[in-house]
Amino acid sequence: MIGALARKLFGSSNDRRVKGYQSRVNAINALEPELAKLTDEQLKARTTEFKQQLADGKTLDDLLVPAFATVREASKRTLGQRHFDVQLIGGMVLHEGDIAEMKTGEGKTLVATLAVYLNALAGKGVHVVTVNDYLARRDAGWMSQIYGFLGLTTGVIVHGLDDAERKAAYACDITYGTNNEYGFDYLRDNMKYRLEEMVQRGHFFAIVDEVDSILIDEARTPLIISGPLDDRSDFYNTIDTFVPKLDKTDYEVDEKQRTVTLTEAGMEKIETLLRDAGQLKGESLYDVENVSVVHHINQALRAHTLFTRDKDYIVRDGEVVIIDEFTGRMMPGRRYSEGLHQALEAKEHQPVQPENQTLASITFQNYFRMYEKLAGMTGTAATEADELFDIYKLEVVEIPTNLPVARLDEDDEVYRTQQEKYAAILAEIERANSRLQPVLVGTASIEKSEVLAAYLKQHGYKQIDFGSERALDKLYAAARAGKPAKLFAVLNARFHEQEAYIVAEAGVPGAITIATNMAGRGTDIKLGGSLEMRIQQETAGITDEAEKAAKIEQIKADIARFREIVLKAEETVEIEPAKGSKPAKTVTKPGGLYIIGSERHESRRIDNQLRGRSGRQGDPGRSKFFLSLEDDLMRIFGSDRLDSMLTRLGLKEGEAIIHPWINKALEKAQQKVEARNFDIRKNLLKFDNVQNDQRKVIFDQRVELMQDESVVETITDMRHAFIDDLVSKHVPEHAYAEQWDVAGLKDELKRVLDLDLPVDAWAKEEGIADEELLKRIETHADERMAAKVAQWGPDVMRYVEKTILLQTLDHLWREHLIMLDHLRQVIGLRGYGQRDPLQEYKSEAFTLFEAMIAHLREAVTAQLMRVEIVPPEEQQQTLPPMQAHHADPNTGEDEMAFANVSLVPSSGAAPVPAEARNPKDPTTWGKVGRNEDCPCGSGKKYKHCHGRYA
């Protein structure tokens with residue numbers, strides 16, 4: 001109560017922060033008349049002036065007012081749009097590195113230009129992050145008009161670009177792209193072998209659009225670049241045949257935790273099936289040698305019990321394609337890891353693709369925390385403000401709307417069964433359609449959207465075929481005639497190619513659009529329809545300019561008329577009075593876009609996003625959720641008690657219960673789920689931070705190695721450290737000579753370093769100590785390496801040293817990632833022994849990391865001590881492109897092997913001597929200096945011709 005009173009008297013902290021920006025808004029407004037007088041060239045020249053002022057010592061904060069005023073003026077001249085005062089405030093929040101929460105239709109894309117331009121003046125590159133390629137292209141194409149007018153360059157990163165195109169896009173002042181592409185480019189860059197092949201140029205400032213979707217909804221799924229392992233499709237198919245043979249008593253499913261475990265009876269049955277199939281090693285399922293079999297049994301169980309076709313994935317063209325649970329979009333190319341995707345393929349009797357090995361991975365949480373400054377925009381972040389601050393140190397600032405929100409949010413209607421709920425939704429759609437009010441129905445899955453579509457078809461509605469040209473002509477004609485068209489559109493993962501078009505036209509009179517969750521997010525729904533979309537669709541084939549202009553005028557008139565129809569599509573409802581009270585009264589519910597939610601999502605934020613599609617820029621609108629006790633949220637979180645209560649109240653079939661208490665109870669259930677999901681994400685981050693710290697060490701070290709002209713000092717240090725470890729192991733400090741393992745040391749030197757040294761004779765010398773032994777071994781090893789440098793030349797050896805070091809580091813890092821994954825899967829069991837799994841994981845991960853570094857020293861030293869360089873037997877005409885080897889960023893590898901150099905042990909073939917050289921036969925060339933003319937006769941230096949990869 002005291003807090004509420006204080007907020008009423010002094011305003012909330014958010015109100016005070018917003019008011020704090022007003023003085024700068026006034027200063028920007030004061031500059032407007034002055035800038036309006038400038039010519040285009042004078043306005044453009046201000047960019048150069050700002051850059052000079054930065055060079056002279058001014059800060060970006062010092063330039064905020066004049067820079068924002070300049071962007072506003074440029075926007076007026078290029079786009080015909082002027083930033084509102086509240087949009088200026090949004091730009092300031094972004095510049096300060098926080099999250100601007102702005103309602104749908106408030107112009108977030110335009111707001112971003114303010115902070116983007118200001119920060120781009122620093123010359124370090126600004127990244128604007130969107131959720132899909134369409135939005136990246138659209139926003140870059142649209143906003144580059146402002147940036148280009150002011151002399152800044154704009155690039156776009158989308159799927160399918162090669163490295164040269166990516167590098168050019170990142171070199172621009174401003175780069176638009178998707179969160180996936182930025183993350184994968186970072187991972188691929190850290191798999192390259194030369195600095196000039198890297199495409200990104202740092203992480204200075206990023207603005208994340210739909211920040212809640214990217215930093216929260218996708219935080220649990222890491223970006224993974226992987227490569228295929230051996231084909232085990234027969235094994236997966238065999239395991240899959242076992243699951244249908246199990247009864248429900250053989251396993252226990254926990255839907256809340258998304259886990260499934262075998263019971264004692266189930267284990268015995270599986271053991272018998274495995275034994276009969278010849279897949280069981282030893283006596284018991286839980287013998288050590290059967291660990292991977294147990295893992296795959298569990299994955300097959302999960303595939304059959306926890307994953308539903310058309311909800312969690314779809315089957316398309318012989319492939320199992322994941323569906324994003326938050327957006328309902330297909331995610332082609334992305335695959336579940338650790339055998340789960342293969343289990344789904346076996347379940348659906350599709351070709352089982354090879355399992356993948358993780359080559360590199362990072363979570364969005366850790367990728368975006370690398371930026372010096374991070375900001376975000378969204379329409380719904382307030383409910384997750386604590387998490388955004390806790391993990392990313394981002395404060396959420398609610399920006400006031402330019403016009404008050406005029407949407408009516410009605411109480412939920414709760415029915416007993418899903419069938420009753422769908423019948424009520426259908427009746428509501430028919431009432432709205434009869435008065436030409438456009439309806440957007442939100443569903444939680446493809447399966448639910450298609451159930452609704454089937455209901456509509458049964459009642460005489462036809463689905464719009466967006467594969468045909470002018471798909472909406474019948475809808476437009478019916479709207480002009482003032483009649484319902486009885487047509488509907490479905491927007492889900494199956495039809496995401498037409499996503500923007502379907503969403504943009506969801507505001508046409510009589511339109512019925514069924515959309516999974518938040519599909520189409522980022523595209524505004526304008527009442528009456530989208531002018532840009534219709535012009536694009538309806539003038540595509542018109543070449544005559546006069547005819548085109550006339551068509552555009554007709555479309556404009558159409559949309560203006562349609563908008564009026566939608567605004568007038570109000571509903572007058574008669575409310576029956578209670579017994580003994582006054583006569584019935586009527587209530588008018590607004591027109592505009594009508595949002596119908598077919599069930600509540602686990603997160604309040606997703607529900608708010610759906611509501612937020614209506615009521616943009618002060619337009620009227622309404623929203624209502626229809627629920628049933630059979631919905632997932634209701635079923636998992638206590639529908640049994642509610643069902644018995646409704647029975648006692650005498651609720652009849654087809655009747656709904658509507659009360660604010662129900663809304664509050666649901667909100668509490670959602671808060672519990674949100675809190676649980678936050679804890680899961682937070683816990684995952686704690687574990688991922690362990691790997692992230694190690695990743696940073698390895699990636700930073702790789703970049704340093706690539707920057708160095710020569711890694712000879714590093715190689716020498718590694719060799720000496722390995723020899724030191726070897727001597728310490730076999731000749732411990734302060735041990736007596738009789739305790740030395742001289743024979744073991746001699747064998748190890750021969751095995752690893754290929755050095756046959758008289759260690760046994762040295763050990764018998766009077767007064768010899770471990771330090772003297774160490775020094776002699778190091779000297780002999782150094783002499784062996786010096787001889788190789790003398791034989792092959794310093795240029796060749798420097799290249800070989802760097803390549804072997806980087807390749808070995810990459811190989812061991814990948815093996816280390818597998819070890820960490822396995823450790824993470826089993827570490828939770830330590831909790832049963834009263835030990836903290838996180839602390840245990842940290843300790844063991846560090847031990848594994850130290851072991852990897854020791855192994856690196858040994859492996860690199862061993863390879864270099866034995867390496868011989870053999871020129872190729874014949875010239876390679878073509879070479880594989882040095883880029884990631886995967887169709888989609890989720891399953892790719894960026895690995896470079898020797899093209900024209902073979903590394904063989906010294907026991908193999910000897911080097912080819914330099915004889916009389918035949919220009920057409922590279923095998924006769926012998927050793928060629930990198931700066932010599934190429935023996936092929938091209939006239940180029942060897943290093944620029946056949947020696948490029950030697």
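Cβ coordinates come from backbone N, Cα and C, glycine included.
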### Message
Among Q87, Q145, Q554, which residue shares the ATP site with G105, E106, G107, K108, T109, D524 according to Swiss-Prot?
### Response
Q87
### Query
Which is it, of 333-357, 608-632, 908-932, that Swiss-Prot names as region 'Disordered'?
908-932
### Task
Compare the Cα of C934 (Zn(2+) binding site) against each of the binding-site residues G107, K108, D524 and report the nearest.
K108
### Query
From the Cα of C936 (Zn(2+) binding site) across to the Cα of K108 (ATP binding site), what is the distance in angstrom?
60
### Task
Name, in the order they occur in the sequence, the residues of the same chain whose CB lies under 8 A from the CB of E106 (ATP binding site) and which sit 6 or more residues away.
V86, Q87, G90, G379, I399, T401, N402, R616, Q617
### Message
Let me spell it out: for each of the binding-site residues (Q87, T109), count the other Cβ atoms within 10 Å of that residue's Cβ, using every protein chain shown. Which one has the most?
### Response
Q87
### Task
Report, in whole Å, the straight Cα-to-Cα distance of C936 (Zn(2+) binding site) from G105 (ATP binding site).
65
### Query
Looking at Cβ-Cβ distances, which residues of the chain lie under 8 angstroms from D524 (ATP binding site) while being 6 or more apart from it?
T104, G105, A504, S530, R616
### Query
Using DSSP, would you call K108 (ATP binding site) helix, strand or coil?
helix
### Message
Around the ATP site formed by Q87, G105, E106, G107, K108, T109, D524, list the extra residues of the same chain whose Cβ is within 8 Å of the site's Cβ centroid.
### Response
M102, T104, L110, V111
### Query
About how far apart, in whole Å, are the alpha carbons (Cα) of C936 (Zn(2+) binding site) and T109 (ATP binding site)?
57
### Task
Report the same-chain neighbours of G107 (ATP binding site): residues 6+ apart in sequence with Cβ closer than 8 Å to its Cβ, ordered by sequence.
Q81, H83, F84, Q87
## Note on the structure
In the three-state DSSP scheme, C936 (Zn(2+) binding site) belongs to coil
